[in-house]
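J.: What follows is a structure written as structure tokens; I'll ask about it next.
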Amino acid sequence: MASEKHFKYVILGGGVAAGYAAREFAKQGVKPGELAIISKEAVAPYERPALSKGYLFPQNAARLPGFHVCVGSGGERLLPEWYSEKGIELILSTEIVKADLASKTLTSAVGATFTYEILIIATGSSVIKLSDFGTQGADSNNILYLREVDDADKLVAAIQAKKGGKAVIVGGGYIGLELSAALKINDFDVTMVFPEPWCMPRLFTADIAAFYESYYTNKGVKIVKGTVAVGFDADANGDVTAVNLKNGSVLEADIVVVGVGGRPLTTLFKGQVAEEKGGIKTDAFFETSVPGVYAVGDVATFPMKMYNELRRVEHVDHARKSAEQAVKAIKGKESGESVVEYDYLPYFYSRSFDLGWQFYGDNVGDTILFGDSDPTSAKPKFGSYWIKDGKVLGAFLEGGSPDENKAIAKVAKTQPPVANIEELKKEGLQFASKI
């Protein structure tokens, strides 16, 4: 008979959100044995962004236990011992294959069952694989993805095995840009391929993208736009040797890294909870349509108060904050204390080579570009504002200081009126500093 365990609270998923939720439970007061984290990964929760950045450095690379949560936000590092000391059970390397919300039961791949009173769904996303589309040769060796530490270890091993070789990066989003830089720093010959007219099209304007594309080109990264990978060639050992593109060209490759997005992991809950916009629908406290079941991070579609609409956000900042909000709401319900509704200011950032940008707010409306966006400058510093209905709704800054980044965040939060767009262009960062 497979084992059954009961907990008052269960967090399903072992990523960033799980770690920040555990810290909030400890802060609010949780008794030993009340809380469990069930994760299919073999390690305690860690800061996932390190995998596409410091983990791949050729020197002084980041390794666990160095980047367990909550170091990414300047907090204490929660090692496995921390969970034991708090009486929080870490149930690792455990895949849940069935969730029955009516009977409050989770079943693992080996038939173990876990029952709970309150569930936090923090399952995150899975990477979209080219094999999902039946791309020919997509299961060849050294075609890699990046989501978990295991994936990063495979990539590091491939980087070492194929030293100085040719890398093709499929995808022009965050992962594409960060990994192209990482492979270049590791002395690979790097080509980036994506179907859109410019990189990071969901956020960047053509002007912003032009800077990064030129900067990368100057660093020796080749960029192929407007086409996709339709197949891969492999040698007798099954190792990838080339990428065939839809435009007819063929790129030699020793390593291929694919970053074409993720899918929220909601399958276990299909038909049991209300869904919207590809995620599990929640209220401002991250409670779902099923009382006592909460969803946080990538999987949650929640009311974004600032813009008065339901949104789903895939970003580490929201994973941290939504997890904390859900725990505050759970504990608030128990103690009868009211909790403030989640009021999230969208925030995205990235770092690659010597660059680092931040974006706050909403990228809708007309845009202006200000500052020095010359990719050959020693220290480029430039930004953009998004203006709609006479107000600034979004702000982007490359190369900003901590104070300057705070200033653009304040602009996005307060949405100041703009009388004259030409004036705003001239003022640039000064406009933000005055708010």
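Yeah, the Cβs are placed from backbone N, Cα and C, and that goes for glycine too.
Copied straight from Swiss-Prot:
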- Gly14, Gly15, Val16, Ala17, Glu41, Arg48, Lys53, Ile96, Arg147, Glu148, Asp298, Val316, Tyr349: FAD binding site (BINDING)
- Gly172, Gly173, Tyr174, Ile175, Gly176, Leu177, Glu178, Glu196, Arg202, Gly261, Glu314, His315, Tyr349: NAD(+) binding site (BINDING)
- Tyr174, Ile175, Gly176, Leu177, Glu178, Arg202, Gly261, Glu314, His315, Tyr349: NADP(+) binding site (BINDING)
- Arg320, Arg351: L-ascorbate binding site (BINDING)
J.: By a simple count, how many Cβ atoms lie within 10 Å of the Cβ of Gly176 (NAD(+) binding site), its own Cβ left out?
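T.: If we count other Cβ atoms within 10 Å of Gly176 (NAD(+) binding site), we arrive at 23.
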J.: Cβ atoms within 10 Å, counted per site: which of Arg147, Arg202, Arg320, Arg351 has the most, among these binding-site residues?
T.: Arg320
J.: Do you see any of the binding-site residues Gly14, Lys53, Arg351 whose C-alpha is within 10 Å of Glu178 (NAD(+) binding site), and which ones?
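T.: Of everything listed, what lies within 10 Å of Glu178 (NAD(+) binding site) (Cα to Cα) is Lys53, Arg351.
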J.: Any idea what DSSP makes of Gly261 (NADP(+) binding site), helix, strand or coil?
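T.: DSSP assigns Gly261 (NADP(+) binding site) to coil.
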J.: Spatially speaking, which of the binding-site residues Val16, Glu41, Asp298, His315, Arg351 is closest to Gly172 (NAD(+) binding site)? Use C-alpha to C-alpha, please.
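T.: The smallest Cα gap between Gly172 (NAD(+) binding site) and any of the binding-site residues is with Arg351.
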J.: How big is the FAD site in terms of the longest C-alpha to C-alpha distance among Gly14, Gly15, Val16, Ala17, Glu41, Arg48, Lys53, Ile96, Arg147, Glu148, Asp298, Val316, Tyr349, in angstrom?
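T.: Site span for FAD, by Cα atoms: 32 Å.
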J.: Using DSSP and collapsing to three states, where does Tyr349 (FAD binding site) fall: helix, strand or coil?
T.: strand
J.: What binding-site residues in the list Glu41, Lys53, Gly261, His315 lie within 10 angstroms of Arg351 (L-ascorbate binding site), counting C-alpha atoms?
T.: Lys53
J.: Relative to the Cα of Arg320 (L-ascorbate binding site), which of the binding-site residues Gly14, Val16, Lys53, Gly176, Glu314 have a Cα no more than 10 Å away?
T.: Val16
J.: Tell me which of the binding-site residues Tyr174, Gly176, Arg202, Gly261, Glu314 ends up closest to Arg147 (FAD binding site) in space, Cα to Cα.
T.: Gly261
J.: Considering Cα atoms only, can you say which of Val16, Lys53, Gly176, Asp298 is the nearest neighbour of Gly261 (NADP(+) binding site) among these binding-site residues?
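T.: Out of the listed candidates, the nearest Cα belongs to Gly176.
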J.: Using C-alpha atoms, which one of the binding-site residues Tyr174, Gly176, Arg202, Glu314, His315 comes nearest to Asp298 (FAD binding site)?
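T.: Looking at Cα distances from Asp298 (FAD binding site), the smallest one goes to Glu314.
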J.: Pick out which of the binding-site residues Glu41, Glu178, Asp298, Glu314 has the most other Cβ atoms within 10 Å of its own Cβ.
T.: Asp298
J.: Drop a 10 Å sphere on every Cβ of the binding-site residues Tyr174, Tyr349 and tell me which sphere holds the fewest other Cβ atoms.
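T.: Lowest Cβ count within 10 Å among the binding-site residues (Tyr174, Tyr349) is Tyr349.
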J.: On a simple 10 Å Cβ count over all chains shown, which one of the binding-site residues Gly14, His315 is most densely packed?
T.: Gly14
